[in-house]
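Copied over from TrEMBL, here are the features:
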type: BINDING; residues: Gly421, Gln422, Thr423, Gly424, Ala425, Gly426, Lys427, Thr428; note: ATP binding site
type: COILED; residues: 2-143; note: coiled coil
type: COILED; residues: 186-238; note: coiled coil
type: COMPBIAS; residues: 706-715; note: compositional bias 'Polar residues'
type: COMPBIAS; residues: 716-725; note: compositional bias 'Basic residues'
type: DOMAIN; residues: 338-661; note: domain 'Kinesin motor'
type: REGION; residues: 692-725; note: region 'Disordered'
Amino acid sequence: QVETLKEKLLEQAQEISRLRSELGGTDAEKHRDLLAAENERLRQEMKALEGELQRQQQAPCRDCPHLQENAELQEQLAQLQREAEETRARLVELDLEVQQKTNRLAEVELRLKDSLAERAEEEERLSRRLRDSQETIASLKSQPQQIKYIIKTVEVESAKVKQALCETQSRNQYLQEQVGMQKQVLKEMEQQLQSSQKTEAQLRAQIMMYEAELERAHGQMLEEMQAMEDEKNHAIEEAFSRAQVEMKAVHENLAGVRTNLLTLQPALRTLTHDYNSLKRQVRDFPLLLQETLRSARAEISQAIEEVHSTNRELLRKYRRELQLRKKCHNELVRLKGNIRVFGRVRPITKEDGEGPEAANAVTFDADDDAVLHLLHKGKQVSFELDKVFPPQASQEEVFQEVQALVTSCIDGYNVCIFAYGQTGAGKTYTMEGTAANPGINQRALQLLFSEVRGKAADWDYTITVSAAEIYNEALRDLLGKEPQEKLEIKLCPDGSGQLYVPGLTEFRVQSVEDINKVFEFGHIKRVTECTNLNEHSSRSHALLIVTVRGLDRSTGLRTTGKLNLVDLAGSERVGRSGAEGSRLREAQHINKSLSALGDVIYALRSRQGHVPFRNSKLTYLLQDSLSGDSKTLMMVQVSPAEKNTSETLCSLKFAERVRSVELGPVSRKAELGSWPSQEHLEVLKILLGDSPGSSAPAGRGHASPSPGQLSSRSASIRRKLQTSG
């Protein structure tokens, strides 16, 4: 191939000389330059091919599969060599261990021989002493009668000899045991030596096998290397032949490439121009992309901000409309005389236990404080009341919602607040509270005293308190001297249609200390017991009746307001509460009275002509509060625990029914007293629009007031009447 290239070079040189002779001037020089460049390129290709041939001849074939097999065999050979080295090292260790055990065995044999020699010597010495002793005894016996002392001495010496003999025999026995033990140790060491020899023989056999395997693998590797060498030479020859063929094809294509090169130069320039243009566009693309993204982010941020501002505005308008709607609804409820219903959810306590049954099943609406949701049997049920208090609501927050009703009692209205719910739902806590955190009852009286003190300049008020309970359908006085005495409910003899309880004890209270004494006295006499559902379960309906009587010293206006605070006993399922005996009878009366209350609510809601107030002492006593002449509020208490969802559902459904009852507008209990003087009559005429002197009777002995005085007095009286009503 090199020779062929050299011939081609000569031909090219001849062609150059011929072209120089034929062509002249600039075209010939251009063609000469082209041929010189082509000549240089061919020379470089020739050098590259020569280098490739040398590398192929020197280096083995890299892609040959036998190289991989050779590498695997070499790795196996190295592995076998490592295993042989490990086996030799183990064999050396075993030889060393056998040598150590052999040395120990030799030491034991020497000790055994020494022990046997000592034993033989001791036996020989003892035997000699025994023979001497026996001979001495025999000689003494053969002699004539001698002194007995000598015989006794011999006998004593013989006893000592016998004792020494016994000690020698015991030592001999001990030495025999030691010899037996040494023999056993020797036998064990011989067995270990035999096992070590067997292991050594096995390891030697394995080593011989490994060496034979190594020799076989080495021979096989040499054969495969020889075969690989042959294949390598054959592959080199084939590659060389293929290279020649490819070189020939390259030269054949060279002419076409030369011709195409001249035609491709304009296209190359066009492509170069297009490439430079695209390169500039690619270089400018990140800046353009960043600018586009920046503007898009700004537009998106502006749109998001506009949406947020719109949402905030809509939320503000929604809350404002919600408050307005609630205000209008409350006013409508007041005008219609509906019973207002508040709901309060007690927190989860330790009495609810642990696990799934103690899970919270009640949730609240974040935007509406009058809605709560109950999860019952996997379904969510929603209820809407007038106000809902979550478990974290304090006694103060609850009282803030009801204090407007309490203060209307001072103005001559009848007010009733009663707590309803299952046992253990927190009714007594809401109404009575604790000493450190009082409930509605004590806070209401404290508020009444505060309002009375504020109006003390113009009004005289008298506040009386009565407390009663309905236990097993019997009305009992909690403040009386005989709490077991049964009382009756009767109509007032004045024809007003109001109900009263003859014989019910009334205490006049003038301070908070008086309130605390009354509460403590009544709380001691109220019936409470322990059940499975509530440790301090109320077994009766408790009523606190507060009567406020007022007199306006300026106008003679008298007002009478009554505040009924009712703590109903809790409804309970006998199967769950575990009530027995008297507890069972109490539960039956409680459920019966609450059922009668439900019948009354149903009759009022459906506007029936007859309302069964007299079916129970509870409903009969609450007739004034439920018949349209009172502002009534029901506080429904519920438990959030999963195990109480059935009772909670019943309580909330009853609350919704109560909320839909319309009692009509409430009337105010106020009347004017007698006018003591002519001046009062004239003032009344002024208030009614008549002239002060048109119908004034003569001869009363009272001087007529001036128009200015009457004007100022009438304005003062109007303000007082507005304040009082």
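Residue numbering: from 1, along the chain as shown.
Cβ coordinates come from backbone N, Cα and C, glycine included.
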Query = Given the binding-site residues Gly424, Gly426, and counting only Cβ atoms in the protein chains shown, which has the most within 10 Å of its Cβ?
reply = Gly424
Task = Have a look around Gln422 (ATP binding site) and count the other CB atoms within 10 A of its CB, chains all included.
result = 24
Inquiry  = Give me the count of other Cβ atoms within 10 A of the Cβ belonging to Thr423 (ATP binding site).
reply    = 23
Key: Lys427 (ATP binding site), number of other Cβ atoms within 10 Å   = 27
Task = Just name the most isolated of the binding-site residues Gly421, Ala425, Thr428, going by other Cβ atoms within 10 Å of its Cβ.
result = Thr428
